[in-house]
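Copied over from TrEMBL:
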- 86, 89, 120, 123: Zn(2+) binding site (BINDING)
- 98: Fe cation binding site (BINDING)
Ligand SMILES: [Zn+2]
Ligand SMILES: [Zn+2]
Ligand SMILES: [Zn+2]
């Protein structure tokens, strides 16, 4: 964990605590534009990821997204869950299910990124 939490770091963490959805860097920097500049947002996100607080992934457009971790530590990210993107509203959520990671001979797997696409709960009804 981060030893000393500054007010800015707390502000960012609070955004992730509010809902169980991933936030894109564009969304994050827009929301925080009155409180801190982009460079600060990127730096804090980096630190939070290294501390096991958030994890990140790219969508098919190359946009970076961040979401809250569950049970990760500074030494190891254990996020092997898939993500679900709604093609109607664009939101991405973490799915709380484990995806078995295959072991491949002579290869070392360091991260797993699975993006499922479809229609979310809100848009389907
Ligand atoms: Zn993680
Ligand atoms: Zn949707
Ligand atoms: Zn996730």
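Yeah, the Cβs are placed from backbone N, Cα and C, and that goes for glycine too.
Nobody curates TrEMBL annotations by hand; they come from automatic prediction.
These figures come from a predicted structure and were not determined experimentally.
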Near-site residues: Zn(2+), ref 86, 89, 120, 123, CB cutoff 8 A to centroid: 87, 88, 90, 91, 119, 121, 122, 124
Inter-residue Cα distance where the pair is the residue listed as 'Fe cation binding site' and residue 120 (Zn(2+) binding site), in Å: 20
Rounded to the nearest Å - Cα separation of residue 89 (Zn(2+) binding site) and residue 98 (Fe cation binding site): 25
DSSP state at residue 86 (Zn(2+) binding site), helix/strand/coil: strand
Position of peak Cβ density within 10 Å, selected from the binding-site residues 86, 89, 123: 86
Contacting binding-site residues, sequence order - 86, 98, 120 vs ligand 2, Cβ under 6 Å: 86, 120
Rounded to the nearest Å - Cα separation of residue 123 (Zn(2+) binding site) and the residue listed as 'Fe cation binding site': 25
Cα-to-Cα gap, residue 86 (Zn(2+) binding site) vs the residue listed as 'Fe cation binding site', nearest whole Å: 20
Listed in sequence order, residues with CB under 8 A of the residue listed as 'Fe cation binding site' and six or more positions away: 80, 81
Where residue 98 (Fe cation binding site) sits in the secondary structure, as DSSP reduces it to three classes: coil
Cβ neighbour count within 10 Å of residue 120 (Zn(2+) binding site): 18
